Amino acid sequence: MAVTFQHTPVLLTEVLTMLAPRPAGQYLDATVGGGGHALAVLQAAQPGGRLLGIDADPAALAATAARLQAAGLIEQAVLCHGSFADLATLAATAGFGAFDGILFDLGVSSYQLDTPERGFSFTADGPLDMRLDPTQGLTAADMVNRLSERELADIIFLYGEEHAARRIARAIVEHRRTQPFQRTAELAEVVARAVGGRHGRIHPATRTFQALRIAVNQELDRLRATLPQAVDLLAPGGRLAVISFHSLEDRIVKQFLRAEASGETPRLTIVTKKPIVPTAAEVANNPRARSAKLRVATRIG
């Protein structure tokens, strides 16, 4: 059964407060998703505001286009299919110059998590895919069936911060000798057996699935590649806002902002000395928001 592209924008009020969209401003949503943030920013930037929306997932772009069309704002937006690692090229091709605000929402959408066919979920069986862009690159099945035990252990430990990484990698390699992995439920079961059951609130496969998703989509490498481009594209006084969902992303963002705000010729001023997190009310309404952290900086110049 098809799942409608539903994704509740996280920290929406806080994002609008921090970006402070103004009429005739130019804005970039580098992870446009279902268009929740994009629509709110574009509405606040009228009259005359424009928005460039980028996403690796064609389904996300279609959902955003429909949302902006319904709001009568599609003519004020340009939507591009691609990776935010190519931010500068995509912006130039779309005819945008300096931006007054740039947003990254690094979370996987509810649509992607809740659509078994996308292969992100360990709670609903589907093909073991995990690609944010289904037209590009290796799938998670390719990785677990081809990589060495050591390579798998390194990925699961580094990207999932999973202490049972070696045990999980060994179990994966043993299983695939007789039956290559094809389905998410199959991998989740093997991982759960290797870990030895649930520990606390999270499913035993949570960290392994996170690690594979990061590896499949080269998420951390692409984040490191895009952040300097984002600063280059900001107008003086423009703001960069980044929402992260796990410690690996947040560490990269935090260290990058600190580096850009220091030295002889700093390019940024940090606005959020500590990250902004969701209110208890937002988490109650949208439990997937609970780990979100928003960091913001302003372009000097």
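Positions of Cβ are set from backbone N, Cα and C atoms, glycine also.
Annotated features, as they stand in Swiss-Prot:
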type	residues	note
BINDING	G35, G36, H37, D55, F84, D105, Q112	S-adenosyl-L-methionine binding site
So which one is it: of the binding-site residues D55, D105, which has the fewest other Cβ atoms within 10 Å? D105
Cβ neighbours within the same chain of Q112 (S-adenosyl-L-methionine binding site) - under 8 Å, at least six residues apart: D57, R118, F120, L132
Quick check on the binding-site residues: of G35, G36, whose CB has the lowest count of neighbouring CB atoms inside 10 Å? G36
Can you tell me the three-state DSSP label for D55 (S-adenosyl-L-methionine binding site)? strand
So if I draw a 10 Å sphere around the Cβ of F84 (S-adenosyl-L-methionine binding site), how many other Cβ atoms end up inside it? 25
What DSSP gives for Q112 (S-adenosyl-L-methionine binding site), in three states, is helix
